[in-house]
Structure formats: structure tokens, C-alpha cells
Amino acid sequence: MQPTSQKINLREERGFGEKLNATFAFIRANFRSLLKTLFFYVTPVALVSGLVSGFYQARLMKRVAGGQVYESYGEFNFFNQVNSVNYYFSILFTLISFFFLSLTVYSFMVVYQDEEGEVEPAAVWRHIKENLVKVIYSGVVLSVFTFLSVFMLGFGIYFGVVISMFVLIMVREELGFVDTIERSFYLIKGHWWATFGLLFVAGFIQSIIGYLAALPVGIITFLRVMQLPGAESDLLLVSATTLATVLTIYIYSVSVIALGFQYFNLVEKKDGIGFMEQAELIGQQQQGATANAGQY
């Protein structure tokens, strides 16, 4: 790792605004190395997700122009989604992309915390390799369970917030699936609303940025629905959808990093690990000073 300037302390209790400020401070301080890491490890998966989504959109637009009669576009869209293999593949690859992004960002934060200097992609890759399989299968299982739980009087929303930090817990604390779920409930207890609020605000901020990334796709889709000349190219729609998907996945880093600071905040509140580390460091420094004094 190359030397860098001021380092942000991750293990620290922070208020609501402080977590948001720390999120953007972390992005600014590590923008180049973080972007390079995302480009190496997230872009290939995001491209696949974007291509699958793009082909699905192109197929959907062809059916819109096919003349089949539905009472509304919403009805048409629903029936074509639930009967389309492309739709389910699109959801699957999008989920995998977001989990891969979370794993990459949190591996980056772990390396940032453990080592000195600028974070190198190779160091991040070591953590990705160690946790990739368990994060992906755990993420898919938890996503399905959360989706089904939505119909249980909103339990899915509660559970979704509880497990929102599971990737970082799994990577930072090197836990298995069951232990990660138990740890998630332990950390979130008494802090559910604070975590939900942070997710909501961070999500709102990234949605504004994401809207700009998705705007070209919306324009092309509108032009195709109106059957205007020049907009019928599948290549144009697939390319725009792929680019928008990649950018949207990148932008999701805002919420991921914000949740990272919430995790370290909760660990500090519940366990005081950062305080104990500082106390141990002070003790070691005092012992060293005493030993040096004894030599004179």
C-alpha cells in the first residue's frame, strides 16, 4: 500500500449527520483507489447485469410495438414480466451485482482499516476471494426470504433493515451464515429506526444521482413507444441500459458505505472495540516508555 494523507477512523461512535458526512468524506479521500477497485472487480459483473437487462428491455419494446391488445401498459408490463425468463435472469444478475458491489466496498473498508497507506485492488481481492461464495448464496437466500416476508404484515421491511449490514459483518468478523444473522439482530437491537432512517436518506441521495444515470434509457424508451424514427435500434437501447445499470450499481456505493459507518458505530456502542484498542495501544506505549527509561 502506498502512503496516504489523513486517515478516517472507522471505529467511532457517530451521530446521524456525522455518518453521512463521514460517508462522503470517505468517498472523497479514497475516490481514485475505490473507483479503480470497482472498475476491476465490479464492472464485469455489472456489465453482464446491464446486458441482460438491456436485452430484456429490447424484447419488451418489440412486444409493445407488436400490436397485442392490453387494457393498459401496466397490465402489459406485468404479464410480460411474470412470463419472461429474461426478467428473472435480469433480477438474479442485478442482485448478484449489488452483492458483489457490497462485498468489494466492504473488503475495501476492511483493508483501509487494517493497513496503512492507499488501498490497492490486490489487497481487496484477497478478501473478495475468501468471502465471495458465502456472500452470494447468503444474499440470494436472504433476498428471497425478505421478499416473501413482505407479505407477513411488513415483517420483510423490518428484517430487510436487520440484515442490511450482513455482508460487512460476514467479511469483518469472518462469521458464517447463522452467526451473521444472530450478530445482525444483536447490533440492530434498539437502533432499527436509526438504521432505517440512514438507509432512507442515503437511498434518497443516491436515487437523485441515479435518476440522471437512467435518464437516457427513459428518453430512448419513450421515443420507441412513440415509434419515432431513429429510436428503433436495439443496439442503442441495450447500450444505454447497460451503461445506466453499471452507473447505478456504482452509485449504490453511497448507501453501502453509509451502512458501513453505521456498523462501526453500532459495534462501538455495543462492544466498545475501538475504545479497548485505544486503551491497549496507550498501555503498550506506556510500557515502552517505562522500558526505555530503565535503560538510562
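Residue numbers in this text run from 1 along the chain shown.
In case you wondered, yes, glycine gets a Cβ from its N, Cα and C as well.
For reference, TrEMBL has these:
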| type | residues | note |
| --- | --- | --- |
| TRANSMEM | 38-56 | transmembrane segment |
| TRANSMEM | 87-112 | transmembrane segment |
| TRANSMEM | 132-149 | transmembrane segment |
| TRANSMEM | 192-223 | transmembrane segment |
| TRANSMEM | 235-261 | transmembrane segment |
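The list of residues near the transmembrane segment (132-149) in space but at least 6 beyond its ends in sequence, with Cβ under 8 angstroms from a Cβ of it, reads 92, 95-96, 99-100, 102-103, 155-156, 159-160, 163, 166-167, 170-171, 176-177, 180.
If one looks beyond the transmembrane segment (87-112) by at least 6 residues along the same chain, the residues whose Cβ comes under 8 Å of a Cβ in the stretch are 1, 7, 10, 30, 33-34, 37-38, 41-42, 45-46, 48-49, 52-53, 56, 80-81, 119-120, 123-125, 127-128, 131-132, 135-136, 139-140, 143, 167-168, 171-172, 245, 249-250, 252-253, 256-257, 260. Residues 84, 86-87, 89-90, 93-94, 96-97, 100-101, 104-105, 121, 124-125, 128, 237-246, 249-250, 253 of the same chain lie 6+ residues outside the transmembrane segment (38-56) yet bring a C-beta within less than 8 angstroms of a C-beta in it.
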